[in-house]
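If you check TrEMBL, you get these features:
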DOMAIN    27-128  domain 'Fibronectin type-III'
DOMAIN    129-229  domain 'Fibronectin type-III'
SIGNAL    1-24  signal peptide
TRANSMEM  237-258  transmembrane segment
Amino acid sequence: MKENVASATVFTLLLFFNTCLLNGQSPPGKPEIFKCRSPNKETFTCWWRPGADGGLPTNYSLAYHKEGEKFIHECPDYVTGGPNSCHFGKQYTSMWRTYIITVNATNEMGSTLSDEIYVDVTYIVEPDPPLNVVVEVKQPEDKKPYLWIKWSPPTLIDLKTGWFTLLYEIQLKPENAEEWETHFAGQQTDFKVLSLHPGQKYLVQVRCKPDHGYWSSWSPEYSIQIPSEFTMKDTTMWISVAVLSAVICLIIVWAVALKGYSMATCIFPPVPGPKIKGFDAHLLEVTP
């Protein structure tokens with residue numbers, strides 16, 4: 001009797017699974033954790049890509065534990081980071097500790113576990129882009145114009161505590177150009193670009209990275225028009241230089257000519273005429 005019941009149960013299960021397979025239903029595909037990011041070493045978020053849902057509603061849960069611990073925790077916040085994510089607030093974030101994280105996908109046909117990933121918050125820092133970007137054209141008196149770019153660090157970064165050292169990079173190009181020109185600014189929060197094309201509209205972006213971690217995304221594009229009269233100013237300057245040089249050359253030539261005349265006079269002085277009192281020069285003339 002028991003054997004008959006067991007056989008009937010197995011037959012029913014096989015029939016159920018065959019029916020589900022015929023209907024295109026199956027256990028969920030394997031999810032993949034593809035990124036974990038911290039904006040400031042105080043919080044972090046992990047995101048995953050779902051696998052195939054097997055034709056059934058599928059639920060996802062993230063589990064983690066810290067290296068050296070045995071107790072398994074579930075994700076504390078599935079909302080803040082958006083769909084298919086888990087956010088760890090300050091109370092759940094520890095520096096210099098390794099998190100071991102997996103995601104489990106479950107539907108009526110079964111469950112599938114992702115590969116484990118190992119996360120150290122210190123090394124997944126990707127800050128937000130710099131803020132308050134200002135782009136201006138400056139032209140000091142008697143000097144060439146330059147592009148002046150200034151910005152502020154992202155607000156979530158506290159540089160005063162010394163936890164962070166942010167490095168900055170600028171990219172710019174004329175609006176119709178294909179390639180960006182990149183400049184490394186180090187830790188300073190302003191930068192000068194000296195080589196400009198007059199009359200061009202320039203696009204400018206800024207990004208930053210910590211000493212450990214990744215570059216932020218680029219800030220929004222900021223545009224500025226370079227006035228075309230810079231060329232006229234340069235031309236006027238060169239014309240002025242040429243005229244001044246010509247005048248100086250003429251003065252030098254004139255001075256040399258005068259000096260040469262004086263020297264010739266000293267070397268070959270004019271022969272003076274006879275100056276004997278009472279002597280008539282006409283007496284020396286030969287009479288025919």
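Here, residue 1 is simply the first one shown, and the rest follow in order.
Heads up, the Cβ atoms here are built off N, Cα and C, so glycines get one too.
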For the domain 'Fibronectin type-III' (27-128), the number of residues DSSP places in helix, strand and coil: 6 helix, 46 strand, 50 coil
Secondary structure content, the domain 'Fibronectin type-III' (129-229) (per DSSP, counts of residues): 4 helix, 46 strand, 51 coil
Confidence summary (mean pLDDT) of the domain 'Fibronectin type-III' (129-229): 88
